[in-house]
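Notes follow the structure.
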C-alpha cells in the first residue's frame with residue numbers, strides 16, 4: 001500500500017514509529033506537511049498538490065494533525081477522503097474530538113460518566129458557575145488547551161474566581177470541572193484500536209503538580225484495567241466515531257470518569273512503558289480495513 005502520514009514534523013516519535021512499522025510490512029510511506037498542501041476542489045478532478053507537484057492517490061492516510069492546525073489539517077484530510085484514501089481516523093471524527101465541549105456533550109448524551117463540568121464564555125455570575133460544579137477545589141481549563149496547557153487547579157473559591165476572571169479577560173471559552181481528589185494526581189490512558197483496548201498505562205503527576213501529562217514531567221506505569229474501564233474506553237471512542245483514540249480516565253469513588261478522548265494519541269509513552277508495538281497494530285488495522293473496502297468495491301463492481 002501507499003500510505004500518507006499527515007504531520008508537520010516527521011521527526012516526532014509517533015511519526016517515526018508509524019513509518020517504521022509500515023515499511024517493515026512492505027508499504028511505501030510519505031510524511032506530508034498538511035500546511036504545505038493546497039487543493040483543487042471540483043467535481044470532475046479534485047486533487048491535492050504538495051510543494052509544486054500533484055500527489056498520487058494514497059491507499060490510506062494517517063492524520064497526526066496538531067491542534068493548532070485542526071481547521072486546515074482536517075480540510076486536507078477531507079480532500080484525501082474525497083480521493084478515496086482510507087483514513088485511520090476520518091475528518092469528521094477528528095473535528096468532533098478536538099471540540100472539547102462538543103465531545104463532552106456527545107459522551108454525556110450516551111450516558112458515559114464524566115467529571116461534573118460547567119462551560120462558559122464570560123459568566124456574569126462566577127459564583128454560580130463555581131457552585132454549579134460543586135464548589136472548590138475545581139479545575140479551570142481553556143477549551144483550546146492541550147497537553148495540560150491552560151489548565152489550572154483552584155484550591156479555594158477565591159482562587160477559582162480569580163482564575164475564571166483572568167481567563168475571562170482573554171475572551172476565551174472556559175471549562176470548569178470538579179477536582180477528583182481521590183484520583184491523587186493519577187489517570188489512566190487507554191489506547192483503543194477498533195473494538196479493543198490494546199494497551200493501558202497509569203500516569204502519575206510529578207510532585208507538586210496535578211496534571212499527569214507525560215509532556216509535563218509525569219511518569220507512567222503499566223496498569224491492569226477493569227472490565228468497566230475497558231468498556232467505557234471503547235464506548236467513548238465509538239461515540240466520537242474514531243477508530244483509534246487515547247481515552248483518559250479518572251478512577252473516582254463513584255466509578256471511572258472519562259476526562260478526554262484524544263484523536264491523535266502520542267505513542268512514545270505507551271509504547272516505552274508497555275513494550276507493545278502500538279504503531280504496528282495501527283498499520284495492521286489499516287491493512288484489514290483497506291482490504292475489506294477493496295473487497296466490497298470489487299463485489300459491487302461485479303454486480
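Positions of Cβ are set from backbone N, Cα and C atoms, glycine also.
Swiss-Prot lists 141, 178, 179, 187, 211, 212, 213 with the feature ATP binding site. Swiss-Prot lists 248, 260 with the feature Mn(2+) 1 binding site. The Mg(2+) 1 binding site feature in Swiss-Prot is assigned to 248, 260; the stated evidence is sequence analysis. If you look up Swiss-Prot, you'll see 260, 262 marked as Mn(2+) 2 binding site, on the strength of sequence analysis. Swiss-Prot lists 260, 262 with the feature Mg(2+) 2 binding site. The domain 'ATP-grasp' annotation in Swiss-Prot covers 104-287.
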If I take the alpha carbons of residue 141 (ATP binding site) and residue 260 (Mn(2+) 1 binding site), what is the distance between them in whole Å?
12
In whole Å, note down how far the CA of residue 248 (Mn(2+) 1 binding site) lies from the CA of residue 187 (ATP binding site).
7
PLDDT averaged over every residue in the domain 'ATP-grasp' (104-287):
89
How big is the gap, in Å, between the Cα of residue 179 (ATP binding site) and that of residue 260 (Mn(2+) 1 binding site), rounded to a whole number?
15
Close binding-site residues near residue 178 (ATP binding site), where close means Cα within 10 Å, chosen from 248, 260, 262:
none
What does DSSP call residue 262 (Mn(2+) 2 binding site) in the simple three-state scheme?
strand
When a 10 Å sphere is centred on the Cβ of residue 262 (Mn(2+) 2 binding site), how many other Cβ atoms does it contain?
20
Cα of residue 262 (Mn(2+) 2 binding site) to Cα of residue 248 (Mn(2+) 1 binding site), in Å and rounded, measures 8
Compile a sequence-ordered list of residues in the same chain as residue 248 (Mn(2+) 1 binding site), six or more apart from it, whose Cβ lies below 8 A from its Cβ; state 'none' when nothing qualifies.
187, 188, 189, 190, 258, 259, 260, 261, 262
Going by DSSP, is residue 179 (ATP binding site) part of a helix, a strand, or coil?
coil
